[in-house]
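Each remark here refers to the structure printed beneath this line.
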Amino acid sequence: MEILTWTYILVGLSFAIYIGIAIWTRAGSTKEFYVAGGGVSPLANGMATAADWMSAASFISMAGIISFSGYDGSVYLMGWTGGYVLLALLLAPYLRKFGKFTVPDFVGDRYYSNKARVVAVVCALFISFTYVAGQMRGVGIVFSRYLEVDINTGVIIGMCIVFFYAVLGGMKGITYTQVAQYCVLIFAYMVPAIFVSMQLTGNPIPQLGLGGTVADGTPLLDKLDGVLTELGFAAYTSGRKEMVDMLAITLALMVGTAGLPHVIVRFFTVPRVKDARLSAGYALVFIAILYTTAPAVAAFGIYNAIDTVAEKPVDNLPEWVGNWQKTNLIVVEDKNGDGIVQYVADKKTNELTIDKDIMVLANPEIAQLPNWVVGLVAAGAMAAALSTAAGLLLVISTSVSRDLFRTFRPEMSEKKELRIARIAAGGAVVLAGYFGVNPPGFVAEVVAFAFGLAAASFFPVIIMGIFSSRINKEGAITGMVSGLVFTMAYIIYFKFISPEMNNAGHWWFGISPEGIGSLGMLLNFVVCYVVSKATPAPPQHVQDMIEEIRIPRGAGGAVEH
Amino acid sequence: MLDNKQKMKAYWKKNLQTLFFLLLVWFTVSFGFGILLVEQLNNFKFGGFKLGFWFAQQGSIYAFVILIFVYVYRMNKLDKEFDVNEK
């Protein structure tokens, strides 16, 4: 069968499963809508968290980024997994014990202030919107590349699917759909990786294949280092970034991960505190399967690309090069007219430009795998994008219905709140779709924002709210605002106002805008602490609450208002 | 009541000790081995990997997974010991 037929079958089948699950698990109450009734098993929640967390960027782009940055790409691998240790040890169990539905809920109650709650809602909305626009775009790209429909039609189809199951099923529907989506995406990621690893190194496990040897007996990574340095690039296994920037980016990504509202909220869905701990462990296992495979895919991809294309005659390139040239993801340009493709570091004489996304997307074709594998990768990329989009939409709708409406209209009936939550989810889908069709030019730039903001705003006040009973609302609000303003100002300055200054020479302490969230976080901690010391301690009932959340016993289901 | 309060204090202290130890390992494998000491560790080979590179792209992630499960095990034991576990 043709690739296109396979893609239609596999993507269609996966969509049918998601919709079936959504109908089967519709939410009937706000509790089911927000936290799936608090009855999800730790294993299922771990899987759902993994799907929620791994976005189109993780699935499609991450391996390619590592292909072209080698060792420097480690910041993403460590940053986006190490955050789960923080989440499991410092946040998840206590927030589960606290037992409400959202992050702003915690901030508002712990700091006995609606002002603090509103600041938290604004952060949550901003982070989620930034993220969701990128996912919708990812959906559109997959549609246009694999199903050969217009990119805008692709976004609209994706919107309808997400709308259907997020609005209908709420968290309950999303959770079980995400379990299915995880299975689809991990299978789609692993199958080509295993085949390529076999072909290149003879080892079926990509994690080991990365340390394996190629046909002539030299280790793959040594060979890659040699080839790249010969072409004028930096060696694959050595870094180009300054060490201080590596540290700052890794920290910002870790702390940002732990502070992302759509990830945190997943730990409200399990029945007990000990389930929250265990669930974080399962989540990381499921994430680690992809994240330890990605560096292998990265190295195999760049090795294969150079091996099959560089120094080869222009009119006799492998078939996949031709296929992907149509999408402009790979560009061959015989500048000096010698009929041979030169791939070198010098931009002026380089004749081969490879887009980072190709490393995952074209993987099955490079390895000459059967057509169904190509269709599978398309279904996997869709699963990754849709699951993340749905999780984010839920945070947006919850923020609006619960954190805004409920706070200012506590007498509202549950039925009405549920209706507002659904309308908000619908509105968010439409808005996200709009950004998917008309992407603001700065989508890629604002991702640094989302992590920086989560790191500089939520993380410190949640941690301090749990581990110190002395921190009060004055401290929390000034801390959040100063962390936020500082981080935003730094990113806006270097990304939008003076992009020409965006280099190590002008950065503070050599820290790039990607890593500035870690400084913002420190600032938040310091301001929060100092201001709290100078103002009165929190009231007794808040101090009692802190004592209470530190002890697992008595968690019960998520508390109704 | 006072007795209970002291017990909870002791529980919390043990909890913090566990966290401190685990976070120390967390920091060492990622920031330590993966970034700060990467050059030195790269002088050693681990199969086909340079050791520092392996920690940055593989080892630290495995260590993170193990850390969380050690935490789960330790805390479940601690909860039982102090009789604050969930039924």
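Including glycine, each Cβ sits where the backbone N, Cα and C put it.
The transmembrane segment annotation in TrEMBL covers A:6-24 (among others).
Long-range contacts of the transmembrane segment (A:77-95) within its own chain (CB-CB distance under 8 A, at least 6 residues past either end) are made by residues 53, 58, 66, 103, 106, 249-258, 263-264, 267-268, 273-274, 276-277, 279-281, 283-284, 287-288, 291, 294-295, 459, 462-463, 466-467, 549-550, 552. Residues or ranges marked as transmembrane segment by TrEMBL: A:77-95 (among others).
The transmembrane segment annotation in TrEMBL covers A:116-134 (among others). If you look at the transmembrane segment (A:116-134), the same-chain residues 6 or more away from its ends with a CB under 8 A from one of its CBs are 55-57, 102-105, 107-108, 260-262, 388-389, 392-393, 395-396, 399-400, 403-404, 407, 428, 431-432, 435-436, 439-440, 443-444, 446-447, 449-450, 453-454, 457-458, 461, 473, 476-477, 480-481, 484.
Among the features that TrEMBL reports, transmembrane segment is placed at A:146-167 (among others).
A Cβ distance under 8 Å defines the sequence-distant neighbours of the transmembrane segment (A:179-200), meaning residues of its chain 6+ beyond its ends; these are 14, 17-18, 21, 44, 47-48, 50-51, 54, 59, 206, 208-210, 212, 214, 220, 286, 289-290, 293, 296-297, 300, 303-304, 360, 363-364, 366-367, 369, 373, 376-377, 379-381, 383-384, 386-387. Per TrEMBL, transmembrane segment is recorded for A:179-200 (among others).
Here TrEMBL flags A:246-268 (among others) as transmembrane segment.
TrEMBL lists A:280-303 (among others) with the feature transmembrane segment.
Among the features that TrEMBL reports, transmembrane segment is placed at A:372-397 (among others).
Here TrEMBL flags A:418-436 (among others) as transmembrane segment.
What TrEMBL records for A:442-463 (among others) is transmembrane segment.
For A:475-494 (among others), the entry in TrEMBL reads transmembrane segment.
Within the chain carrying the transmembrane segment (A:506-531), a Cβ under 8 angstroms from the stretch's Cβ atoms is held by residues 242, 244-245, 247-252, 255-256, 448, 451-457, 459-461, 464, 471, 474-476, 478-480, 482-484, 486-487, 490-491, 494-495, all 6 or more beyond its ends. Taken from TrEMBL, the feature transmembrane segment applies to A:506-531 (among others).
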Tertiary contacts of the transmembrane segment (A:280-303), as residues 6+ beyond its ends and Cβ separation under 8 Å: 42-43, 45-47, 49-50, 53-54, 58-59, 62-68, 73, 77, 80-81, 84-85, 87-88, 92, 182, 185-186, 189-190, 192-193, 196-197, 200, 206-207, 209-210, 214, 220-221, 223-224, 227, 236, 266-267, 358-360, 363, 366
Sequence-remote partners of the transmembrane segment (A:372-397) [C-beta within less than 8 Å, at least six residues beyond its ends]: 1, 3, 6-11, 13-14, 18, 34, 51-56, 58-60, 102, 124-125, 128-129, 131-132, 135-136, 138-139, 142-143, 145-147, 158, 161-162, 165-166, 170-171, 174, 177-178, 180-182, 184-189, 191-192, 195, 261-262, 265-266, 360-361, 363-365, 421-422, 424-425, 428-429, 432
Tertiary contacts of the transmembrane segment (A:6-24), as residues 6+ beyond its ends and Cβ separation under 8 Å: 146-147, 161, 164-165, 168-169, 173, 176-177, 180-181, 184, 371-372, 374-376, 378-379, 382-383, 386
Cβ pairs under 8 Å between the transmembrane segment (A:418-436) and the transmembrane segment (A:475-494), at least three: no
Intrachain neighbours beyond the transmembrane segment (A:475-494), with Cβ under 8 angstroms and 6 or more residues off its ends: 107, 110-111, 113, 115-116, 119-120, 123, 445, 448-449, 452-453, 455-458, 460-461, 464-465, 501-502, 506-508, 512-513, 516-517, 519-521, 523-525, 527-533, 535
